[in-house]
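Here is the structure we will look at, set down as structure tokens.
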Amino acid sequence: RFIAKPCAINLGIQDSGPHRAQPNAILEKVFTSITKSPDGKRLEGLSKQLDWDVRKIQRWFRQRRNQDKPTTLTKFCESMWRFTFYFSIFFYGIRFLWTAPWFWDTRQCWYNYPFQPLTSRLYYYYILELAFYWSLMFSQFTDIKRKDFLIMFVHHLATIGLITFSYMNNMVRVGTLVLCLHDASDFLLEAAKLANYAKYQRLCDAFFMLFGVVFIVTRLGIYPFWILNTTLFESWELIGPYPSWWLFNGLLVTLQVLHVIWSYLIIRTAYKALVRGKVSKDDRSDVESSSEEEDVTSNSTKGIFSTSSNGSNRLNGHVAAGQWTGE
């Protein structure tokens, strides 16, 4: 409200929503009580009842759905908040991990376990991360439903479970490595979204490509060969198969499965970009479940985070099913 909004206004982002549908009591009742995306049979019935063309009714429902979508200004402010958090928490973690012995030798995560001191910096790092992921968990249910809702729900559950579990079992050393690694790419994605909302397309494309590279390197390279190696093998060797070993590593492997899915979608987007000479869609996007109809009419969109002719943004945080929308 006091920082992001003035920045957005200075960049020329207007607080104007999509075109509003004309008032109609019958269609509004169908929209709120029955369905937001009527099928062909219902459209024909409404057409006869109102003496409207079917296309006009489709357009009304599309405009009515768009009224519930956040404006570009709202999405810019949210992305700026997330960028600030991810950027700050990542460099906070890097700053104290740089001098931590387990950052350079992962076997230090298990020496003298579980009698390892919990410093104040470790404590605040954990509490901040846990609070943030709980906020994401709750906001999923109040935000617009997206096509990758289930994947993100599983991700947040696994993350919260890991943070809580590792804290209760004093596995905070390896936990800090997992948290810092996951934060490494997130602020780059938010930076790409900010550039998109401000209509700096080349900067947006550059940030997204950098995000893709960092994401794949950290999640498919460093994570399995650095994190999973120490939790699966080094811990077994140094402290043995402790009772919660299977649960702890099961959650970590669940995260790796999600990493593979998202990396595949990012690589597919990059491949399409090379073929077309531009990135027109991001297959990791949180597409709204009601936007398929608009997708048909927005094939001329440009850039990674493209905006359709009706003003609704197509790109977002985590990709799914070919289009992006503000998270």
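Including glycine, each Cβ sits where the backbone N, Cα and C put it.
The model shown is predicted, which means the values in this text are computed figures rather than measured ones.
Here's what TrEMBL has on this protein:
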DNA_BIND  29-72  DNA-binding region
COMPBIAS  301-315  compositional bias 'Polar residues'
DOMAIN    27-71  domain 'Homeobox'
DOMAIN    74-275  domain 'TLC'
REGION    285-327  region 'Disordered'
TRANSMEM  83-103  transmembrane segment
TRANSMEM  123-142  transmembrane segment
TRANSMEM  207-226  transmembrane segment
TRANSMEM  246-267  transmembrane segment
Same-chain residues near the transmembrane segment (123-142), Cβ under 8 Å, at least 6 residues beyond its ends: 85, 89, 92-93, 96, 149, 152-153, 156-157, 159-160, 163-164, 167, 172, 175-176, 179
The domain 'Homeobox' (27-71) - residue tally per DSSP class, helix then strand then coil: 32 helix, 0 strand, 13 coil
